[in-house]
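K.L.:
TrEMBL lists these features:
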{"type": "DOMAIN", "residues": "63-143", "note": "domain 'Cadherin'"}
{"type": "DOMAIN", "residues": "144-252", "note": "domain 'Cadherin'"}
{"type": "DOMAIN", "residues": "253-360", "note": "domain 'Cadherin'"}
{"type": "DOMAIN", "residues": "367-471", "note": "domain 'Cadherin'"}
{"type": "DOMAIN", "residues": "472-575", "note": "domain 'Cadherin'"}
{"type": "DOMAIN", "residues": "576-681", "note": "domain 'Cadherin'"}
{"type": "DOMAIN", "residues": "693-803", "note": "domain 'Cadherin'"}
{"type": "REGION", "residues": "888-934", "note": "region 'Disordered'"}
{"type": "SIGNAL", "residues": "1-17", "note": "signal peptide"}
{"type": "TRANSMEM", "residues": "803-828", "note": "transmembrane segment"}
């Protein structure tokens, strides 16, 4: 971009120079500088040079500027320099390496020519800078190889020569290689033959005979030194191996072969053949040829050499302009043992042919116009049109060019210097006569045969701006209704200009007296409203519009616009906020106020009346309502955060008049949490509470992690863990926040010791709730994986001979426990005969409530009463399963009461529930015997309860069965029979209390899988042998997978997935 701008200025000023002044003579300056100068190093300040200052006055010196004549010139040297525009400071922008292949490698002199133009055009002058770059000795000699291996026979004669490929140094000849030294024993010396062109024929010579039996290997170092100060050097290591036999090496007919070839030669036929003779016989005299590694890497794509013939062929075309000299190193080696290579140099000179036609480049004063050259009409003679640069890559006469144009009546080709021209005008150019010229520019070289290049130069004659815009009307008047909307069209103003092109293109704009309510299209003159126009705010507008053309000397015209705003009823009610965020605590009674939304209507009476209403789904409307006048939102029923945390309402404020206008606002109601759920311990649980631990684990070892959950939110669900009992000696510790149980001190003194840790989990709510569970850790000296579960424990004990006594003890204990259970069952049956189920239920209710003071969980068992009536019997009170983790034995007073603790005794021997209990329902009232037969299907359970004078009520996800009485009408839970809560926990198949005798298998109670949306509650399955008997004795229909209510069997509770109601 910078280069284009410089060219533009150059061309523009050149035109002006030809118009008003005579060109100033070119200036030539010469300077010396060293290579590798740092960036910003100054070569010269052109404005201070006497040759420059002497040609200009002080006033002119303040106005002139400096630029490279051709910023885009493809010159490798120009990229290293920059010229400051106003001071003419020429400085380095890159570090210049004289020894670069594109610069002056191995040349004694290095001169860089820079052409700098002085602007403006009326003082246009070209300064030719010749910068001589002085070489620094910054390169050391380098050999083609770091190490050369030479094998010789011990019979080799003194005086034999081993060619060594000379080193190379890219510095100038004065700093190039001047001598070679040899670091070697007296048996060797170095022979050097220097030619006039500075090349050297280098050989390692044998001074005396070799004896392999005394020395079989020599390490020699050839050092090359250059002529710089201080001198630099490079070396190559020659590893000389002395072998027997094959005492002759190949010898080239010439050490240097020279050949000349024309560029662009077809790669056909041999270029030349190198030959080397070996006096040995057989393989020792069989010579193979190859290029050196360096030559292969550099020129392997251009040349090949016959392995046996030594014939060198050209495989790719050569270009003189890219490379005019090539040096190849050829190696000849015989095939005998200890072959000594011979080296020859092939020097190839590439001859130039006239194969490049001239390349023409046009440079206008405005680089943004690309190939379009514009010329204003009526420009005076000698006006600059375009600058022409010609380039020919050929050398000699083939690179010299000359140019001509075909229209010398109107234009002239002015030669500036070699290969640089300006096309200028000769006569006055009139746009009305000719709008465009197409000049034919032809450039030719002086080669044999001559090559020619031709381009067409299009010159566009542009118009000048001599007309101004004129409006069709001097005053525009219009009336527009308010509320026409944003960007509504108001009126269009039109002006005309007789000029063409940009001179005739009109741009419209609003004057400063125009309001912000309007905008105008600059191209079409269409005036539009920026915002919705409001008669109440501003009923009338008046302003001016200006039309401008786009000519150089812009001309303009102005007109007046008057706009009247008509009045309509247009204001809707508007909420103060588009979104409201309210919160309310869960559990508050119906008609509790949430908060208030507010809207206003800017219209005056009677257009400012409106009402509020909710526009939302049925589920939202069933929970909330809004006062249509005040905007106060209240609840219709108590809210439960665990059921739903956030409600999203859409509130509408709507005008009372037609057409109705309205506004909406979103209301998000967040239900805040209260601590109404206890922590639920997932692990350990009944049947999975024992860990087998090696006493060899170190302190800090993590034994296991307590897993618990709490459906509450925030601090109410923030759980903390502790060990309340069983860790009196501090052998274990528990992380309060994670539940990780770790070994606190070494356990090596324990063997077969069972730790019964009482784990307590507490939430962080203000009224803290606690759950407890037992974790058994058996510490043993056995070498097993620490932290083995209880299931693994039994397997390990039975497979180890050291535990045979323990196994015998366990078996004996099981037999004893079985006998005790039989005795307890017999006693329970006898005591049941003494007390009715209602009396036992009343006894246990009073006892448990007195001891615990809490609502109780009830295991639900079913027995067959008299006349096949369904009786809910043995309903005893227990503390809820998530609080009572340890089975409790009956006291002596309890055993005398006549009511056995069914739930406790069954819990000790049952694996039905993760907490150690069968599935249970909540009960806080007494139960009598139902007088009617139970239903055959669970879907009639509700109507059946009603016939028994009970009612089924729903509150959130809680289902309660209550007695119906005169004091408490239907729907009032005076005496609750049972509560059922949805559950999403999943456990292994669970077994209910024992069924009738005669069945070897028992029904399995299952909790649903953890998919709350599909299934909830408890459901049951029966083993095949029970199910077959039931099919024979019971009327049923299980085609749809429904669960039957079997008389005399365990009732099974199930919830409908779609609405959560009890089946």
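Indices start at 1 and increase along the chain as displayed.
In case you wondered, yes, glycine gets a Cβ from its N, Cα and C as well.
I would like each feature placed in context: is it buried or exposed, what are its neighbours, and how far apart are things?
P.N.:
In terms of DSSP helix, strand and coil, the domain 'Cadherin' (144-252) has 3 helix, 55 strand, 51 coil.
Using DSSP to sort the residues of the domain 'Cadherin' (472-575) gives these counts of helix, strand and coil: 3 helix, 49 strand, 52 coil.
Counting residue by residue with DSSP, the domain 'Cadherin' (576-681) contains 4 helix, 49 strand, 53 coil.
Looking at the domain 'Cadherin' (693-803) alone, the prediction's average pLDDT is 82.
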K.L.:
For the domain 'Cadherin' (367-471) and the domain 'Cadherin' (576-681), does the number of C-beta pairs under 8 Å, pairs 6 or more apart in sequence, reach 3 or more?
P.N.:
no
K.L.:
When secondary structure is assigned with DSSP, how many helix, strand and coil residues does the domain 'Cadherin' (63-143) contain?
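P.N.:
Reading the DSSP string over the domain 'Cadherin' (63-143) gives 7 helix, 31 strand, 43 coil.
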K.L.:
Write out how many residues of the domain 'Cadherin' (253-360) are helix, how many strand and how many coil, based on DSSP.
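P.N.:
Once the DSSP states are binned, the domain 'Cadherin' (253-360) shows 11 helix, 47 strand, 50 coil.
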